[in-house]
Amino acid sequence: MGKDGGGGDGLEVPLLKRTYYHGNCPGCRLEKRNETRRGVPYTEFACMWLVTVCSTLPIQSLFPFLYFMIRDLHIAKQVEDIGFYAGFVGASYMLGRALTSTLWGIVADKHGRKPVLVVTLIAVITLNTLFGLSSSYWMALTTRGLLGLLSGMLGPIKAYATEVCRKEYSHLALSLISSSRAIGLIVGPAIGGYLAQPADKYPGMFSQEYIFGRFPYFLPCLCISILAVAALISCIWLPETLHKHNEATYSNNSIEAMEESLSDSNAEESSGGYWSLFTNWPLMSAITVYCLFSLQDVAYAEVFSLWAVSDRKYGGLSFTSTDVGSVLALSGLFLLIYQILIYPSVAKAIEPITLVRATAILTLPLLASYPFMTTLSGFNLQLVVNCASSLKNSFQVTTITVCNILMNDAVSQDLRASANGLSVTLMSIFKAVAPAVAGVIFSWAQRRQTASFLPGDHLVFFMLNAATVVGLMCTFGPHFARGSTKH
């Protein structure tokens, strides 16, 4: 196979092998189309962007109003206990996702990426709506946990992004996934901040007697669910990328083609199956860094909202949920500009892992400055908080984008969804721990405002910096191994 057809010297062409395109295989059809189609697949990228944003919106949309929701559900006996109970609601989604992400990755590798995307969006439409209608703490906890169990999209969508386009656009596709997730993680809380308690904020439009008055946190959840319906419809334009055929039947009903062969390492990895992922050290070291910075990110997201809305006598800023929404909305706008205009140039100029180290180092003084913002007020406070939030989120999306690229470069296509499912499982465990621990530390910090060492919220932001330092240390050898893919 793959021999020279010339004058009889019979020299083998080691870099080429025969492949076959099956007419009834969606993956083959897409590959054949991509061979002749030049340029960026804008339709697929736009639909993929919408699906990712809408499935990400519910993850952190509750944080701006969670403090008030827990208060209104009357589960906390003291004000200082609100952060404790809020932490478990924030953790329930991630715990549910941790339990099933690997399974969803395996399902995506066996039955297709697209069905997993559809299930996730249906879960968002139904369970996120029910969360907004929660009348008890346990209903809120349960609906968030179930939403996490059925949100299996994050791993498969990364694999999908690298498969739906030509190879030269795969890094652009992964950057698109990271940026759309980052935007969803910022815009979601902005929606929650602006639209929660509408009968109190906009009494001329919403009555206390009707549904949005009786369920003050329903409107932001409903709006996100409506957007998810639009994303579900957009799946019509997303082609399946998984190959579905029997390798033994290559000779029947196929179009013969020539393409580059897989490397020997990828062939060995494929033969090892799912368990070979655990011995792939470039993959596992990238996942480790990804998990540690994800833990810090979700802990920061919860702490920032709880800290901002808590009273100044407890070391907070006395913000309303609308104030928090405004900060997050401006951060989201800056993040969009950053991803389009700044990040591509930075990524080309700086080696990926060096970029992670640089953003981690810059994060340390930034987080250390947060407790001192309570000395500001008015315009100065708004300016400083908005700048700090924008910088923090741009640092985080840079780290996550680089980690996604490193993870996908470390595995072959047939294990890519499983690898991403594994990374999402491990990351979700870290993210499940983060809000619960952050909530406990936040409640403890509010009780020690007069402590001589790290008083009040100084303790909270010190712990966030400690997590950053651990993540930074794991980017150096012997903990970190570089993949073979060139930058």
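Glycine is no exception: its Cβ is also placed from the backbone N, Cα and C atoms.
Note that TrEMBL annotation is computational and uncurated.
Annotated domain 'Major facilitator superfamily (MFS) profile' per TrEMBL: 44-483, in sequence order.
Listed by sequence, the residues of this chain that lie at least six past the ends of the transmembrane segment (47-70) yet keep a Cβ under 8 A from its Cβ atoms are 76, 82-83, 85-86, 89-90, 93, 117, 120-121, 124, 128, 131, 134, 137, 140, 144, 147, 151, 153-154, 157, 160-161, 164, 173, 176-177, 180-181, 183-185, 187-193, 196-197, 216-217, 220-221, 224, 227-228, 230-231, 234-235, 237-238, 298, 301-302, 304-306, 309-310, 321, 324-325, 328. Per TrEMBL, the feature transmembrane segment maps to 47-70 (among others).
Here TrEMBL flags 82-104 (among others) as transmembrane segment.
For 116-139 (among others), the entry in TrEMBL reads transmembrane segment. If one looks beyond the transmembrane segment (116-139) by at least 6 residues along the same chain, the residues whose Cβ comes under 8 Å of a Cβ in the stretch are 51, 54-55, 57-58, 62, 69-70, 73, 75, 85, 89, 104, 107-108, 146-147, 150-153, 156-157, 160, 215, 217-222, 224-225, 228-229, 231-232, 235, 238.
The transmembrane segment feature in TrEMBL is assigned to 173-197 (among others). Same-chain neighbours of the transmembrane segment (173-197): 45, 48-49, 52-65, 68-69, 154, 157-158, 161-162, 164-165, 216-217, 219-220, 223-224, 301, 305, 321-326, 328-329, 331-332, 335-336, 339, 343-344, 347, 393, 396-397, 400-401, 404-405, 408, counting only residues six or more beyond its ends whose CB sits under 8 Å from a CB of the stretch.
The transmembrane segment annotation in TrEMBL covers 217-238 (among others). Residues 43-44, 46-48, 50-51, 53-55, 57-58, 61-62, 65, 68-69, 114, 117-118, 121-122, 124-126, 128-129, 131-134, 164, 188, 191-192, 194-198, 206, 211 of the same chain, all 6+ positions outside the transmembrane segment (217-238), place their C-beta atoms under 8 angstroms from a C-beta of that stretch.
Tertiary neighbourhood of the transmembrane segment (287-309): same-chain residues 60, 63-64, 66-68, 83, 86-87, 90, 94, 185, 189, 315-321, 323-324, 327, 356, 360, 367, 370, 385, 389, 392, 396, 399-400, 403-404, 407, 422-423, 426-427, 429-431, 433-435, 437-439, 442, 457, 460-461, 463-464, 467-468, 470-471, 474-475, 479-480, selected by CB-CB distance under 8 Å and a gap of 6+ residues from either end. Look at TrEMBL and you will find 287-309 (among others) tagged as transmembrane segment.
As annotated by TrEMBL, transmembrane segment applies to 324-343 (among others). Residues 63-64, 175, 179, 182-183, 186-187, 189-194, 304-305, 308-309, 385-386, 389-390, 393-394, 397-398, 401 of the same chain sit 6 or more residues outside the transmembrane segment (324-343) yet have a Cβ under 8 Å from a Cβ within it.
Annotated transmembrane segment per TrEMBL: 355-373 (among others), in sequence order. The list of residues near the transmembrane segment (355-373) in space but at least 6 beyond its ends in sequence, with Cβ under 8 angstroms from a Cβ of it, reads 289, 293, 300, 307, 315, 317, 346-347, 381, 384-385, 388, 391-392, 395-396, 398-399, 402-403, 456-458, 461-462, 464-465, 468-469, 471-472, 475.
The transmembrane segment annotation in TrEMBL covers 424-446 (among others). Long-range Cβ contacts of the transmembrane segment (424-446) within its own chain (Cβ-Cβ under 8 Å, at least 6 residues beyond either end) map to 80-88, 90-95, 97-98, 101-102, 104-105, 148, 154-155, 287, 290-292, 294-296, 298-299, 302-303, 306-307, 310, 314-315, 456-460, 463.
Non-local neighbours of the transmembrane segment (458-481) in the same chain are 281-282, 285, 288-289, 292-293, 295-296, 299-300, 303, 307, 353, 356-357, 360-361, 363-364, 367-368, 370-371, 438, 441-442, 444-445, 448, 451; each lies 6+ residues outside the stretch with a CB under 8 Å from one of its CB atoms. Among the features that TrEMBL reports, transmembrane segment is placed at 458-481 (among others).
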Mean predicted confidence [pLDDT] for the domain 'Major facilitator superfamily (MFS) profile' (44-483): 84
